[in-house]
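S.K.: Below is one structure. I have some questions about it.
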Amino acid sequence: MEMTEAKQTTTEESANPEPDQILSPRRSLELNQRKWWISVSLCIFLVLLGDSLVMLLLNFFYVQNYREDSDQDLQYQGTWLQALIQNAAFPLLIPLFFIFPSPKQKQETNNTRFLSFRLLLLYISLGVLVAAHSKLFALGKLYANYGVFTLISATQLIFTAIFTAIINRFKFTRWIIISIIGAILIYVFGSPEFGGEPDENEEFYSIQAWLTFAASVAFALSLCLIQLGFEKVLVKTKRYGNKKVFRMVLEMQICVSFVATVVCLVGLFASGENKELQGDSHRFKKGEMYYVLSLIGLALSWQVWAVGLIGLVLYVSGVFGDVVHMCTSPLVALFVVLAFDFMDDEFSWPRIGTLIATIVALGSYFYTLHKRNKKKMVELYQTESNIEV
């Protein structure tokens, strides 16, 4: 008799769960969404910080290399070194990789060897692609003024949108399209001046246009492949248990940068640029110590920027990462104007307008993200209501 009553009580509890049990999925979703917003905000901050430091240090580097002297070859030719600097500081991320927690492994995951092979192939392909666009962007800046370079570079967001729609099956809303158009205009009209642009007699627009165009395509393709790698390969490995965690960002950046660094080192020594490094350090106005420190600072800044960008690709999409990258241009321009006084650069009304446009462009995309999260919450409420019925 007592056994029968116990079974009946258990059945009633299963049919009528406690309020805390009903609310637990809702609370879990709210907590996950809160963590997600915090992660996205952190990544946006890293992109802004990295973009700002990179542009400030690049301008400092070129100013200290006697760029303003018109009686000598003005152009800095170390394109392989510039590409190497963008990727070489990845070892500093390795300790962070082991510090960040990882979810429990899923032992039931199948085809582990196949996933490992795909992952290795992904890292090698992305590393070569990242090295290519780093080199091509450096060559692009070598042959034309920064205004033309910026105009052509803005096409990368168009290619990102196209590749994401084809490769990642990304669905666009009107608010995302507005955000993309706004980000391109912001990048074109709000980008900072650059102390490393060539003199008029050093400009070769036909060569530069194709090089920057190819670099834009390579950059857009790399973002889409990173997103594809997260969704189809990394998330499915047993190490991460079908969850998206920040440790995946560090793994992606470390492995891809390692391959890119090897490619750039080969290019550096094969081209003979390594023989020019000593001469570059001697020409540096503030001496060899500041030359080395500026390169180290650049390398670290590039890593900060890359980690933030890849984080946005993981948590949102490659399109959103590129939009945020372009929308940081007005703020970076403000920092450059405050830090340097060259080429009569000033933070004029058009740039103030791009700051306002930045709010509109990012706000449009954030509205889409808010609607998506709200839709998940409504679907959960409907599920709970069906359970109660």
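The backbone N, Cα and C atoms fix where each Cβ goes, glycine too.
Taken from TrEMBL, the feature compositional bias 'Polar residues' covers 1-14. Residues annotated as region 'Disordered' in TrEMBL: 1-22. Taken from TrEMBL, the feature transmembrane segment covers 36-60, 80-100, 120-140, 146-167, 172-190, 210-230, 250-270, 290-316, 323-343, 349-367.
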S.K.: Which residues of the chain, 6 or more past the ends of the transmembrane segment (323-343), have a CB below 8 A from one of its CBs?
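M.R.: For the transmembrane segment (323-343), the far contacts come to 44, 47-48, 51-52, 55-56, 59-60, 63, 68, 154, 157, 179-180, 182-184, 186-187, 190-193, 195, 309, 312, 351, 354-355, 358, 361-362, 365.
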S.K.: Top stretch among 80-100, 120-140, 172-190, 250-270 for CB pairs under 8 A with the transmembrane segment (290-316)?
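M.R.: Stretch with the highest Cβ contact count: 80-100.
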S.K.: Is the transmembrane segment (80-100) in contact with the transmembrane segment (250-270), using three or more Cβ pairs under 8 angstroms as the rule and ignoring pairs under 6 apart in sequence?
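M.R.: Answer yes, regions in contact.
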S.K.: In the same chain, which residue numbers or ranges, 6 or more beyond the ends of the transmembrane segment (120-140), come under 8 angstroms Cβ to Cβ?
M.R.: 79-80, 82-83, 86-87, 149, 152-153, 208, 211-212, 214-215, 218-219, 221-222, 225-226, 229, 233, 252, 255-264, 267
